[in-house]
């Protein structure tokens, strides 16, 4: 298990991280979401040791992450980077060897991964001659080529075409299924919801929610969609807040202890009800609520 | 799992090997080699041309000046220069010979009215020779008229010139070797020093450095890069030096004993390594400060000044004045010694212990510079964006 515990980081007077704590378990796809400057990249860079933390620890299987353990992590930095003039296969072989692989193993792995992400025919080309999408595929190979024990990917889906998104998703699922903890950040919340076992939401340097999407939903106040009665009927019902009204559909949130049958009765009294049921908020909505709960003053920090 | 990592040495070797492969395969390496060969060939041609120019001149004599012919010929022979003398029937013929370039100058008139006429100017060596002969002629005439024996006076007026140190018959060749060594060292250190800076910036600007530093330590990356590029520079130095030596020995241009030349080349290699690593620390630090190739020139520009100064001293002062005091001092100062000391050694004016002292000073400086450069590199390498100020780059770090 990769345990991130109480990370804190300041840049000058700005607080970038303030007690960031969460775990990523073996075989788990963990989605790390948050606004720009919320602290995702800073957290990942601390995990990889390219940035020093002011406080807190990162540990893997109970021992603090050191240089030897970091060599077993696969990393995709937010700022993509490869040697532009190096050939694809050579570059991947080189990176694998830096991670401690023997030459034959490294050559083998470079062949295997270029094949897996569909750029086998570009192995002999310089990276700078590849399309942006294919460069991203090479970058994914660079994170995977040494068969890492942990994967840390910063925005792996940004800039990918739909086909590449599918490849990336498959590969990440595969790795997780093989028992590797995978943590990745993304702004594409639908994708995160579809893909991830658990999600962590960070806002202004603090974790505001961690858990499976179902768990996050369970923690939220119950919401209902009521279709039928003309708009405005629910405004006067006690314990009920109208979230949105779209034609004859009204979405409401119930305060704790409010009986949903009373809501139904009030709706029927206002007019014929054609649909009534609990609303399962998607991650997008859960995210918006979690972030909105935080006091304003979130600073833009990179 | 297979968590067995690399040792520090293995990591540095991996990085160095990548640098070597990339460089040797690049066009720059081959072009650099060809360029140097062209420069040396050009240098040799210029020397040959200048030598041919200065050693011979031609003079056409007109009128009474013809009487000076034996004296002129004798003086020229004594000085070891070739003087072609012709006689013209008239002043007009003599002038036309100068105009067409058949003769370098004409000498007309007689005692008291001698005139040396050139086309646009008169070769100073030729002028001096004619002046000497005319002067001697006048003195001899006056002495004879006064009843003295000119030959006796000449004997009494003679000064024997000898040297305490035996004259070095190979001095010209020594200068040529010193120049070649100086130039090779300057060229190699400049080329591969700036290659270090470029390599550092390339990794920063392409952002690959973050990926690398998530796996290996900054110091290992820097050490591998410097060692790799240093070896490529060494390879180039050995190829050029060896090639030059072979050609010089084969064509008989160089008659200095082979052992001397080989010794010069060997000490050149030692000095190259010291000089390269010293300057590489500067170039690597400068490269780490900026994030884009476009900004690089402004930070590595100043490094060229300490590189250029000893080079200029070695090629302008030393050939004419091998024991120059300023050059002697410079040959002990680190950052300058790697160019000036080998030049002084090639000229045969620096005893071995001086070279050893200069080398030790340079090595101690190098150790200090490596520590400083490592600090600057660590502090700056992951900071992208605007240029990192030296003050922040030099701040001590915790790790």
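Cβ from N, Cα, C; glycine included.
In TrEMBL, annotation is done automatically, which means it is predicted and not curated.
Here the structure is a predicted model, which means the values were calculated and not measured.
Per TrEMBL, the range carrying the annotation transmembrane segment out of B:299-318, B:319-338, B:379-398 is B:299-318.
TrEMBL assigns the feature transmembrane segment to residues B:175-201, out of the candidate ranges B:148-174, B:175-201.
Of all ranges given (B:113-139, B:221-247), TrEMBL attaches the label transmembrane segment to B:221-247. Among B:175-201, B:221-247, B:352-377, B:175-201 has the largest number of CB pairs under 8 A with the transmembrane segment (B:299-318).
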